[in-house]
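Asker: Take a look at this one; I'll ask things after.
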Amino acid sequence: MEEAAPCSEPAKTIKRIDRESVHRICSGQVVLSLGTAVKELVENSLDAGATNIDVRLKDHGAELIEVSDNGGGVEEENFEGLTLKHYTSKIQDFSDLIHVETFGFRGEALSSLCALSDVTISTCHKSAKVGTRLVFDHNGKITQKAPYPRQQGTTVSIQQLFHTLPVRHKEFQRNIKKEYAKMVQILQAYCIISKGVRINCTNQVGQGKKSPVVSTTGGPNLKENIGAVFGKKQLQSLIPFVQLPPNEAVCEEYGLKSTDLPEKLYSITGFISRCDHGVGRSTTDRQFFFINQRPCDPAKVVKLVNEVYHLYNKHQYPFIVLNICVDSECVDINVTPDKRQILLQEEKLLLAILKTSLIEMFGSDVNKLNVNQNLLDIVGNVKAPPGDAEKPWVEMSHHSETENPSSEGKRVMTLSRLRESFSLHQTESYFQSPKKVKQRHSSSKQLSLDTILSTVRTQKAVLSEDSESCHEMKSKMPVPRKYLRKVDDIDSGFCSTSESDAGYNTPEAGSCVISESVNNPIEEEFCSSEEQHQNEYLKTVGHSEKSLECDIQVLGTEHKLNRVNDCNNQTNLPQEATNSLPRVRRFKNEADDFKAGIHPKVENTRNYMPCVDVLVEVKKKTVPLEFSMKALAERVRKIVQQQQKCTETQNYRRFRAKISPGENKVAEDELRKEISKEMFAKMEIIGQFNLGFIIAKLNSDLFIIDQHATDEKYNFEMLQQHTVLQGQKLIAPQNLNLTAVNETVLIENLEIFRKNGFDFVINENAPVTQRVKLISLPTSKNWTFGPQDIDELIFMLSDCPGVMCRPSRVRQMFASRACRKSVMIGTALNVQEMKKLVTHMGEIEHPWNCPHGRPTMRHIASLDLIASE
């Protein structure tokens, strides 16, 4: 066996990374965002036993983050290890991790913050007479230490977060408002779960005044904290969570055996919004989950809660606060750097408890209706007593509970079962009365898809033999065009047609299809094809070479075309058509006569001039010209290669998705990849199909475009961009009870709210949650809007501040208007109107779907692939 050749470079030895580099690398993985930085500092204050925590931000946290508390403070002997990596007082070894009850235990937060920013800490322990101010370098070492007068507690100041990582710092500053909104969401969770702790957060932009972000009063329970953060109005829509053991059906769903379930493993408390429509929220911005009072993001729990809620209110999401208490030995919190992903031992049991409890809560007495009649049976018939046949089907009784609480004729049914009954009844009645579809005939100028596909398929294609006499073809009466019956193998480009599909009578066997390529030059040497005679004939009857809007009536309007018996035999055209044929035919006849030995006679000898060459002496200037046959051959070879390359590119199958609902996503991706906006203006309009679709051609690809869907999407986007909704003034200003952060978002995006028809009065001197009052609401005919649309708009602007956006109900209104004002299916369009619709597709952002989700455009065939086959 041969030895490997020695490497010219010396082998790189494995070495330990220096401590400073390790520190900077790992620190960037601990503190990931503004929210993480604030979270770590607030958790330190809570671990120190603080009852009063103040968070102060400058420029949304980009300039300064300062957290002050009245906790126990830091003893002087712990100053050195306060900001060193993996120095902590919470645990001593790994076994202590199982029983840890504090938020922090790794000793990484302050050390990482030192590596990413400039950290200053002032602290005063309860045993010290005076406080101390400490300044740290990026390695966590103390650079300055001085006495500092302050009360018991600790203040940590973070300046220029991420400035040691230039790329992240620039990205952080660019998205500071998004980071700020996420930070507030995290801080709200600690405000809710921290009982007896007053948390206050303010933000100062530039040299302006401080604006409150969130504030709590240190309430003794969850309910008071929720009211302090989100206002008393939010409390009115909440019901307490009532824990129930999982029933047999749910246990079977999760594969649990009721006999083997541990008892009292989980204790769940909290609140959730009622499932009545209008009580929930349009987004998931107010969902808080805690495990042992630690904020977390349990993905499966979140999914389950929303799914159960959607069974009763499918258009909204619940407000929910859930605290799940479980033995610390059954939990692993050391999973991710931010400790928000938590692993549980008996997770299926937790999900079963939650599902059973939520279903029972939403189906409880709060959401029951009293009805006088029996429920619908499964097929939608009413089961009523014999004597009640003439009574109303469902009779709501508002006084049933007070007037006759023990009535036997009344049944109690839940909202969910009532909705199910109604949906069954309505579904059945819907299918029993289908709508009648009105069919219309197209104008005589429109091309049928059969004509288009057959003319471009090949010049040797032959129509079916079944036909009627040419006498009917000569008729000047317009023939109604029928629709295509079937298109087979749309990917390969072949289609199956019949006489009924084509919409007109075809010639007998042997007749050839009129070629589309009438504007291509005809080769003189090969002109025996019947198609070329018909092309020349079409020219003589006055048809434009560029026009593709010829109907089959053309063949029978002014010049009569005799029946063709055999395509290989010479066609007997009328005399007027034969005379009008160019010199191609005459040349061919003379050649045949010459072969037969018949020479043409000279009719006029006086006009006959002999051809004699006469020598003429001309002075010529000779210019030498460089010529290389080799260079010419090389150039020809390159041109041939380039043409072959272009042909291969054209024959490449760029569109593979079928026209099927299951392949909509694939088809959209292909169109988005292959079609750019400027290509729509270059598309050639072939015609209209079925009074509802436009057939367009780009290079060698045929596309079918829904005329209604594409016009609807264009109108929708124009309404979205340019419509300013008119507002209706309120009689008296309405208090919105917004949170401090939502007030800030609204004030910063007032212009966007005004374009949506909302107007407010701002009182900067009013207390938090009372600064903004609504004075105008948008109204538009039958559409009305309210505070829930403001909440949705605030949520959207929290993620994309300053970007023009619309609430979902405004989008629905625009979609409805765009649909009504668009070109309808069944409307005949001329070429200019179709071209306008196709060109508009290149002027909008998302041309592939209408606002209601229908596709606007699909690829139907590639002509190159059809020709090659």
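Yeah, the Cβs are placed from backbone N, Cα and C, and that goes for glycine too.
It should be emphasised that the depicted structure is a prediction, and the values quoted were computed from it without experimental measurement.
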Asker: For the ATP site that Swiss-Prot describes with Asp69, Glu108, Ala109, Leu110, which of these is also annotated: Asn44, Asn139?
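Answerer: ATP site check in Swiss-Prot: besides Asp69, Glu108, Ala109, Leu110, the record includes Asn44 out of Asn44, Asn139.
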Asker: Among 101-104, 541-544, 585-588, where does Swiss-Prot put the label motif 'Nuclear localization signal'?
Answerer: 585-588
Asker: Where does Asp69 (ATP binding site) sit by DSSP, helix, strand or coil?
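Answerer: DSSP call for Asp69 (ATP binding site): strand.
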Asker: Across the listed ATP-binding residues, Asn44, Asp69, Glu108, Ala109, Leu110, what is the farthest Cα to Cα distance, given in whole Å?
Answerer: 20
Asker: Per-residue pLDDT averaged over the motif 'Nuclear localization signal' (585-588) comes to what?
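Answerer: Per the prediction, mean pLDDT sits at 42 for the motif 'Nuclear localization signal' (585-588).
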Asker: Which number gives the other C-beta atoms within 10 angstroms of the C-beta of Ala109 (ATP binding site), all protein chains shown included?
Answerer: 24
Asker: Taking DSSP as the reference, which of helix, strand or coil describes Leu110 (ATP binding site)?
Answerer: helix
Asker: Quick one, of the binding-site residues Asp69, Glu108, which Cβ has the fewest other Cβ within 10 Å?
Answerer: Glu108
